[in-house]
Amino acid sequence: MVSAKDGNGRRPAKGKANRVRSLLGVGYWVQGFRCFPWMAVNFFLKDSIKVDPSTLQILQNSANLPMVAKPLYGVVSDAVYISGQHRVPYIAIAFLQAVSWLAIAILSQSNISILTMSLYLLLGNLGASIAEVANDAIVVETGKTQTSSKKSQSASSGELQSFVWMASSVGGVLGNLLGGIAIDRFSPQSMFLFCGSLLALQFVITVSVPERSLNLPKSPSNVGIKKQLSELLAALQKPEIAYSITWFAASYAIIPALTGAMFFYQTQYLKIDASALGISKVFGQAVMLLWGVIYNRHLKAVRPRKLIEAIQVTMAVFMISDVLFVKGIYQQMGVPDSVYVVVFSGVLEVLFFFKILPFSVLIAQLCPPGCEGSLMAFVMSAVALAFIVSGYLGVALASYMVTGNDFSGFPLGLLIQAVCTLLPLFWSSWIPDDVKSKTRTE
(Lines of atoms letter the chains of each structure in order from A and count residues from 1; the text may use other names and numbers.)
(Lines give C-alpha, C1' and ligand atoms only; values in the text may rest on other atoms or scores of the structure.)
Protein backbone atom coordinates (compact mmCIF):
# COMPACT_ATOMS: atom_id res chain seq x y z
CA MET A 1 0.00 0.00 0.00
CA VAL A 2 2.85 2.34 0.72
CA SER A 3 4.41 1.71 -2.64
CA ALA A 4 1.08 2.35 -4.37
CA LYS A 5 0.87 5.74 -2.86
CA ASP A 6 4.48 6.34 -3.65
CA GLY A 7 3.68 5.47 -7.27
CA ASN A 8 1.20 8.27 -7.69
CA GLY A 9 3.53 10.65 -5.89
CA ARG A 10 1.26 11.85 -3.12
CA ARG A 11 3.24 10.89 -0.07
CA PRO A 12 6.66 11.85 -1.45
CA ALA A 13 5.31 15.24 -2.54
CA LYS A 14 3.83 15.79 0.90
CA GLY A 15 7.08 14.70 2.56
CA LYS A 16 9.12 17.09 0.43
CA ALA A 17 6.70 19.93 1.17
CA ASN A 18 7.16 19.23 4.88
CA ARG A 19 10.94 19.29 4.48
CA VAL A 20 10.71 22.65 2.73
CA ARG A 21 8.57 23.99 5.57
CA SER A 22 11.02 22.62 8.14
CA LEU A 23 14.01 24.23 6.42
CA LEU A 24 12.18 27.54 6.04
CA GLY A 25 10.74 27.33 9.55
CA VAL A 26 14.20 26.96 11.09
CA GLY A 27 15.65 29.69 8.86
CA TYR A 28 12.97 32.24 9.61
CA TRP A 29 12.85 31.30 13.30
CA VAL A 30 16.57 32.04 13.59
CA GLN A 31 16.01 35.24 11.62
CA GLY A 32 13.44 36.34 14.20
CA PHE A 33 15.71 35.27 17.08
CA ARG A 34 18.35 37.77 15.94
CA CYS A 35 16.67 40.32 18.22
CA PHE A 36 18.25 38.44 21.17
CA PRO A 37 21.85 39.60 20.59
CA TRP A 38 20.75 42.96 19.21
CA MET A 39 19.09 43.82 22.52
CA ALA A 40 22.47 43.23 24.16
CA VAL A 41 24.17 45.35 21.46
CA ASN A 42 22.07 48.40 22.38
CA PHE A 43 22.95 48.21 26.07
CA PHE A 44 26.56 47.30 25.33
CA LEU A 45 26.99 50.39 23.16
CA LYS A 46 25.24 52.65 25.66
CA ASP A 47 26.79 51.38 28.88
CA SER A 48 30.19 49.93 27.89
CA ILE A 49 31.28 52.00 24.89
CA LYS A 50 29.35 55.09 26.08
CA VAL A 51 27.91 56.19 22.76
CA ASP A 52 25.35 59.01 22.51
CA PRO A 53 21.83 58.58 21.00
CA SER A 54 22.85 59.83 17.54
CA THR A 55 25.92 57.57 17.35
CA LEU A 56 23.83 54.61 18.48
CA GLN A 57 21.24 55.17 15.77
CA ILE A 58 23.87 55.80 13.08
CA LEU A 59 25.63 52.55 13.97
CA GLN A 60 22.34 50.63 14.06
CA ASN A 61 21.39 51.81 10.60
CA SER A 62 24.86 51.61 9.06
CA ALA A 63 25.12 47.98 10.13
CA ASN A 64 22.27 47.28 7.70
CA LEU A 65 24.29 48.39 4.67
CA PRO A 66 24.86 44.76 3.49
CA MET A 67 21.08 44.48 3.14
CA VAL A 68 21.19 47.12 0.39
CA ALA A 69 23.20 44.77 -1.83
CA LYS A 70 20.47 42.10 -1.76
CA PRO A 71 19.71 42.44 -5.50
CA LEU A 72 23.27 41.31 -6.23
CA TYR A 73 22.86 38.31 -3.92
CA GLY A 74 19.51 37.57 -5.54
CA VAL A 75 20.87 37.67 -9.08
CA VAL A 76 23.79 35.41 -8.13
CA SER A 77 21.48 33.03 -6.23
CA ASP A 78 19.10 32.79 -9.20
CA ALA A 79 21.87 32.34 -11.76
CA VAL A 80 24.69 30.36 -10.14
CA TYR A 81 24.51 26.88 -8.65
CA ILE A 82 27.05 25.78 -6.03
CA SER A 83 27.93 22.08 -6.12
CA GLY A 84 24.77 21.44 -8.08
CA GLN A 85 22.57 23.17 -5.52
CA HIS A 86 20.57 26.34 -6.05
CA ARG A 87 19.43 27.71 -2.68
CA VAL A 88 20.74 25.70 0.30
CA PRO A 89 24.41 26.77 -0.07
CA TYR A 90 23.35 30.42 0.11
CA ILE A 91 21.33 29.72 3.26
CA ALA A 92 24.44 28.13 4.76
CA ILE A 93 26.34 31.41 4.30
CA ALA A 94 24.44 32.57 7.39
CA PHE A 95 27.41 30.99 9.18
CA LEU A 96 29.05 34.43 8.88
CA GLN A 97 26.66 35.52 11.62
CA ALA A 98 28.07 32.85 13.92
CA VAL A 99 31.60 34.04 13.15
CA SER A 100 30.59 37.62 13.91
CA TRP A 101 28.90 37.03 17.26
CA LEU A 102 31.53 34.54 18.46
CA ALA A 103 34.31 36.99 17.60
CA ILE A 104 32.64 39.80 19.57
CA ALA A 105 32.08 37.41 22.49
CA ILE A 106 35.71 36.25 22.58
CA LEU A 107 37.32 39.70 22.31
CA SER A 108 38.05 41.44 25.60
CA GLN A 109 35.88 44.46 26.29
CA SER A 110 38.90 46.78 26.28
CA ASN A 111 39.73 45.76 22.70
CA ILE A 112 36.27 46.50 21.31
CA SER A 113 35.92 49.95 19.75
CA ILE A 114 33.06 51.43 17.77
CA LEU A 115 34.95 50.61 14.56
CA THR A 116 35.57 46.99 15.58
CA MET A 117 31.96 46.54 16.61
CA SER A 118 30.76 48.06 13.34
CA LEU A 119 32.89 45.73 11.22
CA TYR A 120 31.68 42.60 12.99
CA LEU A 121 28.04 43.73 12.82
CA LEU A 122 28.48 44.37 9.08
CA LEU A 123 29.93 40.87 8.65
CA GLY A 124 27.03 39.30 10.53
CA ASN A 125 24.43 41.20 8.54
CA LEU A 126 26.16 40.19 5.31
CA GLY A 127 25.63 36.54 6.17
CA ALA A 128 22.07 37.19 7.30
CA SER A 129 21.14 39.11 4.16
CA ILE A 130 22.43 36.41 1.77
CA ALA A 131 20.56 33.71 3.70
CA GLU A 132 17.38 35.79 3.72
CA VAL A 133 17.56 36.19 -0.06
CA ALA A 134 17.73 32.41 -0.53
CA ASN A 135 14.92 31.79 1.97
CA ASP A 136 12.69 34.43 0.35
CA ALA A 137 13.32 32.91 -3.09
CA ILE A 138 12.25 29.46 -1.85
CA VAL A 139 9.08 30.97 -0.39
CA VAL A 140 8.16 32.63 -3.69
CA GLU A 141 9.06 29.61 -5.83
CA THR A 142 7.26 27.10 -3.62
CA GLY A 143 4.28 29.37 -3.04
CA LYS A 144 3.76 29.90 -6.76
CA THR A 145 4.05 26.15 -7.42
CA GLN A 146 1.45 25.40 -4.75
CA THR A 147 -0.80 28.14 -6.07
CA SER A 148 -0.68 26.86 -9.65
CA SER A 149 -1.66 23.37 -8.50
CA LYS A 150 -4.82 24.56 -6.75
CA LYS A 151 -8.10 25.70 -8.21
CA SER A 152 -8.58 28.62 -5.87
CA GLN A 153 -5.70 31.05 -6.04
CA SER A 154 -7.24 33.31 -3.39
CA ALA A 155 -7.39 30.44 -0.90
CA SER A 156 -3.72 29.51 -1.28
CA SER A 157 -2.17 32.90 -1.94
CA GLY A 158 -0.01 34.00 0.96
CA GLU A 159 -0.24 30.68 2.85
CA LEU A 160 3.50 30.01 2.86
CA GLN A 161 4.28 33.69 3.43
CA SER A 162 2.06 33.60 6.51
CA PHE A 163 3.80 30.44 7.75
CA VAL A 164 7.31 31.90 7.55
CA TRP A 165 6.04 35.18 8.99
CA MET A 166 4.74 33.29 12.02
CA ALA A 167 7.98 31.29 12.32
CA SER A 168 9.95 34.55 12.38
CA SER A 169 7.53 36.01 14.93
CA VAL A 170 7.88 32.98 17.22
CA GLY A 171 11.65 33.40 17.04
CA GLY A 172 11.24 37.08 17.84
CA VAL A 173 8.99 36.36 20.84
CA LEU A 174 11.45 33.87 22.29
CA GLY A 175 14.47 36.02 21.46
CA ASN A 176 13.05 39.09 23.14
CA LEU A 177 11.75 37.12 26.12
CA LEU A 178 15.10 35.48 26.76
CA GLY A 179 16.88 38.74 25.98
CA GLY A 180 14.83 40.65 28.54
CA ILE A 181 15.65 38.02 31.17
CA ALA A 182 19.32 37.59 30.24
CA ILE A 183 20.21 41.28 29.99
CA ASP A 184 19.96 41.67 33.80
CA ARG A 185 21.67 38.35 34.59
CA PHE A 186 24.42 37.87 32.03
CA SER A 187 27.01 40.02 30.30
CA PRO A 188 26.43 41.04 26.67
CA GLN A 189 29.40 38.86 25.66
CA SER A 190 27.67 35.81 27.15
CA MET A 191 24.58 36.58 25.09
CA PHE A 192 26.72 36.97 21.95
CA LEU A 193 28.37 33.60 22.69
CA PHE A 194 25.00 31.86 23.05
CA CYS A 195 23.70 33.34 19.80
CA GLY A 196 26.87 32.44 17.90
CA SER A 197 26.64 28.85 19.13
CA LEU A 198 22.98 28.66 18.04
CA LEU A 199 23.85 29.93 14.56
CA ALA A 200 26.66 27.39 14.28
CA LEU A 201 24.11 24.67 15.07
CA GLN A 202 21.79 26.01 12.37
CA PHE A 203 24.67 25.83 9.89
CA VAL A 204 25.20 22.14 10.69
CA ILE A 205 21.48 21.43 10.22
CA THR A 206 21.32 23.36 6.94
CA VAL A 207 24.30 21.71 5.25
CA SER A 208 22.94 18.27 6.20
CA VAL A 209 19.85 18.83 4.00
CA PRO A 210 20.37 17.79 0.35
CA GLU A 211 18.55 20.23 -1.91
CA ARG A 212 17.25 17.45 -4.17
CA SER A 213 15.11 16.25 -1.25
CA LEU A 214 13.17 19.55 -1.25
CA ASN A 215 11.61 19.19 -4.72
CA LEU A 216 12.17 22.86 -5.52
CA PRO A 217 11.03 24.14 -8.93
CA LYS A 218 13.61 23.38 -11.60
CA SER A 219 15.36 26.15 -13.47
CA PRO A 220 18.32 26.06 -15.84
CA SER A 221 21.55 25.82 -13.89
CA ASN A 222 24.19 28.48 -14.33
CA VAL A 223 22.03 30.57 -16.67
CA GLY A 224 24.48 33.41 -16.32
CA ILE A 225 24.42 36.52 -14.18
CA LYS A 226 24.04 38.80 -17.21
CA LYS A 227 20.90 36.95 -18.38
CA GLN A 228 19.49 36.87 -14.86
CA LEU A 229 20.12 40.59 -14.46
CA SER A 230 18.33 41.30 -17.74
CA GLU A 231 15.32 39.31 -16.51
CA LEU A 232 15.28 41.31 -13.29
CA LEU A 233 15.44 44.59 -15.22
CA ALA A 234 12.60 43.39 -17.46
CA ALA A 235 10.49 42.66 -14.38
CA LEU A 236 11.28 46.06 -12.88
CA GLN A 237 10.16 47.76 -16.09
CA LYS A 238 6.62 46.52 -15.55
CA PRO A 239 4.71 49.57 -14.26
CA GLU A 240 2.74 47.67 -11.59
CA ILE A 241 5.99 46.29 -10.11
CA ALA A 242 8.07 49.47 -10.44
CA TYR A 243 5.43 51.78 -8.96
CA SER A 244 4.61 49.39 -6.13
CA ILE A 245 8.22 49.02 -5.02
CA THR A 246 8.87 52.76 -5.33
CA TRP A 247 5.86 53.59 -3.16
CA PHE A 248 6.67 50.91 -0.61
CA ALA A 249 10.28 52.03 -0.16
CA ALA A 250 9.32 55.72 -0.05
CA SER A 251 6.66 55.02 2.58
CA TYR A 252 9.50 53.98 4.92
CA ALA A 253 12.23 56.39 3.81
CA ILE A 254 10.11 59.50 4.30
CA ILE A 255 9.59 58.76 8.01
CA PRO A 256 12.41 60.07 10.26
CA ALA A 257 13.12 57.22 12.70
CA LEU A 258 13.56 58.34 16.30
CA THR A 259 14.36 54.93 17.78
CA GLY A 260 17.71 55.97 19.25
CA ALA A 261 16.25 59.03 20.94
CA MET A 262 13.29 57.00 22.25
CA PHE A 263 15.64 54.31 23.63
CA PHE A 264 17.64 56.90 25.57
CA TYR A 265 14.44 58.67 26.68
CA GLN A 266 13.04 55.45 28.10
CA THR A 267 16.22 54.10 29.71
CA GLN A 268 18.15 57.22 30.69
CA TYR A 269 15.43 59.83 31.30
CA LEU A 270 12.52 57.70 32.54
CA LYS A 271 14.81 54.98 34.01
CA ILE A 272 12.65 52.21 32.54
CA ASP A 273 14.05 48.83 33.58
CA ALA A 274 15.70 46.70 30.88
CA SER A 275 13.33 43.83 31.66
CA ALA A 276 10.36 46.08 30.82
CA LEU A 277 11.92 46.86 27.44
CA GLY A 278 12.39 43.14 26.89
CA ILE A 279 8.74 42.45 27.74
CA SER A 280 7.75 45.29 25.40
CA LYS A 281 9.55 43.60 22.54
CA VAL A 282 8.01 40.23 23.47
CA PHE A 283 4.58 41.83 23.39
CA GLY A 284 5.33 43.36 19.99
CA GLN A 285 6.52 40.05 18.55
CA ALA A 286 3.44 38.31 19.94
CA VAL A 287 1.32 40.90 18.11
CA MET A 288 3.31 40.16 14.93
CA LEU A 289 2.56 36.47 15.36
CA LEU A 290 -1.11 37.25 15.85
CA TRP A 291 -1.03 39.47 12.76
CA GLY A 292 0.28 36.55 10.70
CA VAL A 293 -2.56 34.32 11.91
CA ILE A 294 -5.23 36.98 11.31
CA TYR A 295 -3.91 37.79 7.85
CA ASN A 296 -3.76 34.13 6.85
CA ARG A 297 -7.31 33.42 8.01
CA HIS A 298 -9.22 36.62 7.32
CA LEU A 299 -7.32 39.25 5.33
CA LYS A 300 -5.80 37.50 2.31
CA ALA A 301 -8.83 38.43 0.23
CA VAL A 302 -8.55 42.13 1.14
CA ARG A 303 -7.06 44.27 -1.62
CA PRO A 304 -3.40 45.05 -0.86
CA ARG A 305 -3.76 48.82 -1.28
CA LYS A 306 -6.62 49.06 1.19
CA LEU A 307 -4.80 46.96 3.79
CA ILE A 308 -1.49 48.79 3.45
CA GLU A 309 -3.21 52.19 3.70
CA ALA A 310 -4.95 51.11 6.89
CA ILE A 311 -1.62 50.03 8.40
CA GLN A 312 -0.02 53.36 7.44
CA VAL A 313 -2.78 55.32 9.19
CA THR A 314 -2.51 53.11 12.29
CA MET A 315 1.23 53.82 12.47
CA ALA A 316 0.55 57.57 12.49
CA VAL A 317 -2.05 57.16 15.25
CA PHE A 318 0.45 55.33 17.45
CA MET A 319 3.07 58.04 16.82
CA ILE A 320 0.60 60.70 17.98
CA SER A 321 0.04 58.52 21.03
CA ASP A 322 3.80 58.72 21.65
CA VAL A 323 3.49 62.52 21.68
CA LEU A 324 0.95 62.24 24.51
CA PHE A 325 3.23 59.76 26.29
CA VAL A 326 6.27 62.06 26.20
CA LYS A 327 4.13 65.01 27.34
CA GLY A 328 3.09 62.95 30.39
CA ILE A 329 -0.62 62.86 29.52
CA TYR A 330 -0.95 59.11 30.08
CA GLN A 331 0.88 59.34 33.40
CA GLN A 332 -1.58 62.02 34.52
CA MET A 333 -4.38 59.62 33.58
CA GLY A 334 -2.88 56.98 35.89
CA VAL A 335 -1.12 54.85 33.25
CA PRO A 336 2.44 53.99 34.44
CA ASP A 337 5.23 54.71 31.96
CA SER A 338 6.36 51.07 32.06
CA VAL A 339 2.87 49.86 31.07
CA TYR A 340 2.76 52.23 28.11
CA VAL A 341 6.24 51.14 27.00
CA VAL A 342 5.31 47.46 27.18
CA VAL A 343 2.03 47.77 25.27
CA PHE A 344 2.06 50.77 22.94
CA SER A 345 5.80 51.04 22.25
CA GLY A 346 5.95 47.31 21.62
CA VAL A 347 3.13 47.45 19.09
CA LEU A 348 4.44 50.55 17.30
CA GLU A 349 7.86 48.96 16.84
CA VAL A 350 6.37 46.01 14.91
CA LEU A 351 3.69 48.01 13.07
CA PHE A 352 6.43 49.16 10.70
CA PHE A 353 6.73 45.57 9.49
CA PHE A 354 3.02 44.76 9.17
CA LYS A 355 3.00 46.07 5.59
CA ILE A 356 5.68 43.61 4.52
CA LEU A 357 3.39 40.58 4.68
CA PRO A 358 0.64 41.79 2.31
CA PHE A 359 3.22 43.49 0.10
CA SER A 360 5.31 40.32 -0.24
CA VAL A 361 2.16 38.45 -1.30
CA LEU A 362 1.44 41.19 -3.84
CA ILE A 363 4.95 41.02 -5.33
CA ALA A 364 4.85 37.21 -5.41
CA GLN A 365 1.69 37.43 -7.54
CA LEU A 366 3.23 40.00 -9.88
CA CYS A 367 6.67 38.36 -10.14
CA PRO A 368 7.40 36.66 -13.50
CA PRO A 369 8.91 33.14 -13.33
CA GLY A 370 12.68 32.82 -13.20
CA CYS A 371 13.63 35.89 -11.16
CA GLU A 372 11.87 35.19 -7.86
CA GLY A 373 15.04 35.43 -5.79
CA SER A 374 16.41 38.54 -7.49
CA LEU A 375 13.09 40.44 -7.44
CA MET A 376 12.32 39.69 -3.80
CA ALA A 377 15.92 40.57 -2.99
CA PHE A 378 15.49 43.89 -4.79
CA VAL A 379 12.35 44.60 -2.76
CA MET A 380 14.04 43.87 0.56
CA SER A 381 17.10 45.85 -0.55
CA ALA A 382 14.88 48.84 -1.28
CA VAL A 383 13.28 48.44 2.15
CA ALA A 384 16.70 48.18 3.84
CA LEU A 385 17.91 51.32 2.06
CA ALA A 386 14.68 53.07 3.03
CA PHE A 387 15.23 52.18 6.69
CA ILE A 388 18.79 53.52 6.51
CA VAL A 389 17.57 56.80 4.99
CA SER A 390 14.83 56.92 7.62
CA GLY A 391 17.41 56.41 10.36
CA TYR A 392 19.70 59.17 9.09
CA LEU A 393 16.74 61.56 8.77
CA GLY A 394 15.83 60.66 12.33
CA VAL A 395 19.34 61.48 13.52
CA ALA A 396 19.13 64.88 11.82
CA LEU A 397 15.70 65.58 13.33
CA ALA A 398 16.69 64.39 16.81
CA SER A 399 19.80 66.59 16.78
CA TYR A 400 17.48 69.63 16.63
CA MET A 401 14.86 68.31 19.04
CA VAL A 402 16.98 66.55 21.70
CA THR A 403 20.15 67.88 23.33
CA GLY A 404 21.79 65.84 26.08
CA ASN A 405 19.14 65.05 28.67
CA ASP A 406 16.85 67.84 27.45
CA PHE A 407 13.88 66.14 25.75
CA SER A 408 11.60 69.19 25.71
CA GLY A 409 11.59 69.26 21.89
CA PHE A 410 10.98 65.53 21.57
CA PRO A 411 7.15 65.78 21.31
CA LEU A 412 7.46 68.09 18.28
CA GLY A 413 9.85 65.64 16.65
CA LEU A 414 7.34 62.80 17.18
CA LEU A 415 4.56 64.94 15.71
CA ILE A 416 6.66 65.65 12.61
CA GLN A 417 7.25 61.90 12.35
CA ALA A 418 3.49 61.23 12.40
CA VAL A 419 2.81 63.81 9.68
CA CYS A 420 5.52 62.28 7.48
CA THR A 421 3.91 58.86 7.96
CA LEU A 422 0.64 60.12 6.46
CA LEU A 423 2.23 61.75 3.39
CA PRO A 424 2.60 58.52 1.30
CA LEU A 425 -1.19 58.07 1.40
CA PHE A 426 -1.48 60.85 -1.18
CA TRP A 427 0.10 58.65 -3.87
CA SER A 428 -0.98 55.19 -2.69
CA SER A 429 -2.71 54.76 -6.09
CA TRP A 430 0.70 53.50 -7.26
CA ILE A 431 -0.16 50.17 -5.60
CA PRO A 432 -2.27 47.92 -7.88
CA ASP A 433 -5.83 47.80 -6.61
CA ASP A 434 -6.90 44.47 -8.08
CA VAL A 435 -3.99 42.12 -8.60
CA LYS A 436 -6.05 39.01 -9.25
CA SER A 437 -7.95 40.41 -12.18
CA LYS A 438 -4.71 41.89 -13.57
CA THR A 439 -2.99 38.50 -13.26
CA ARG A 440 -5.87 36.73 -15.04
CA THR A 441 -5.87 39.19 -17.94
CA GLU A 442 -2.14 38.73 -18.41
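Including glycine, each Cβ sits where the backbone N, Cα and C put it.
Per TrEMBL, the feature transmembrane segment maps to 20-45 (among others).
The feature transmembrane segment is assigned by TrEMBL to 88-107 (among others).
Look at TrEMBL and you will find 119-140 (among others) tagged as transmembrane segment. Tertiary proximity for the transmembrane segment (119-140) is limited to same-chain residues at least six positions away from its ends with a CB under 8 Å from its CB atoms, namely 20, 23-24, 27-28, 31, 34, 41, 59, 62-67, 69-70, 73-74, 77-78, 87-88, 90-97, 99-101, 103-104, 160-161, 164, 214, 216, 360, 364, 367, 372-373, 375-377, 380, 384.
Counting residues 6+ beyond its ends, the transmembrane segment (160-179) has Cβ neighbours under 8 Å at 21, 24-25, 28-37, 39-40, 135, 139, 142-143, 146, 191, 278-279, 281-282, 284-286, 288-289, 291-293, 295-296, 300, 357, 360-361, 364 in the same chain. The transmembrane segment feature in TrEMBL is assigned to 160-179 (among others).
Among the features that TrEMBL reports, transmembrane segment is placed at 191-209 (among others). Sequence-distant contacts of the transmembrane segment (191-209) (same chain, six or more residues past either end, CB-CB distance under 8 Å): 19, 23, 26-27, 30, 33-34, 36-37, 39-40, 88, 91-92, 94-95, 97-102, 104-106, 179, 182-183.
The transmembrane segment annotation in TrEMBL covers 241-264 (among others).
What TrEMBL records for 276-295 (among others) is transmembrane segment. When Cβ-Cβ distances below 8 Å are used as the criterion, the transmembrane segment (276-295) is approached by residues 32, 35, 39, 158, 162, 165-166, 168-170, 172-173, 175-177, 179-181, 183, 266-267, 338, 341-343, 345-350, 353-354, 357-358 of the same chain, each at least six residues removed from its ends.
Taken from TrEMBL, the feature transmembrane segment applies to 307-326 (among others). Note on the transmembrane segment (307-326): residues 248, 251, 262, 265, 299, 337, 340, 344-345, 347-348, 351-352, 354-355, 358-359, 407, 410-411, 414-415, 417-419, 421-422, 424-425, 428, 431 of its chain, located 6 or more positions outside it, place their CB under 8 angstroms from a CB of the stretch.
Residues 136, 157-158, 161-162, 165, 241, 244-245, 248, 251-252, 259, 262, 266, 272-273, 276-277, 279-285, 287-288, 291-292, 295, 299-300, 302, 304, 307-308, 311-312, 314-315, 318-319, 321-322, 325, 330, 375-376, 379, 383, 431-432, 435 of the same chain sit 6 or more residues outside the transmembrane segment (338-363) yet have a Cβ under 8 Å from a Cβ within it. As annotated by TrEMBL, transmembrane segment applies to 338-363 (among others).
Annotation source TrEMBL lists transmembrane segment at 375-398 (among others).
The feature transmembrane segment is assigned by TrEMBL to 410-430 (among others).
Simply put, out of 20-45, 375-398, 410-430, 20-45 has the most Cβ pairs sitting under 8 Å from the transmembrane segment (88-107).
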